[in-house]
Amino acid sequence: MASGRSSSLCSIWVIVLLVGFTGSSSAQLSTNFYSKSCPKVFDAVKSVVQSAVNKEKRMGASLLRLHFHDCFVNEGWTRI
């Protein structure tokens with residue numbers, strides 16, 4: 001009986017912690033996130049992608065396909 005009670009208390013404690021941590025989050029997306037921390041990030045990414053496309057002509061299509069599958073395919077599951 002004590003084991004069941006301790007398990008219940010542990011479960012309640014975990015739920016309280018999770019709710020507490022998620023409730024205090026105030027993160028916001030920002031279009032200028034990297035402007036101060038890494039201002040040259042877009043130039044670096046563009047350079048690397050351009051280099052990859054120059055080496056392998058299918059790389060542009062591969063990156064587009066990767067973006068599509070990562071960003072849009074799972075979107076349907078959120079509506080179910």
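Cβ atoms are placed via backbone N, Cα and C, with glycine included.
In TrEMBL this protein carries:
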SIGNAL    1-27  signal peptide
DOMAIN    28-74  domain 'Plant heme peroxidase family profile'
SITE      Arg65  site 'Transition state stabilizer'
BINDING   Asp70, Val73  Ca(2+) binding site
Counts of helix, strand and coil residues, the domain 'Plant heme peroxidase family profile' (28-74), according to DSSP: 34 helix, 0 strand, 13 coil
Around the Cβ of Asp70 (Ca(2+) binding site), the count of other Cβ atoms that are within 10 Å: 9
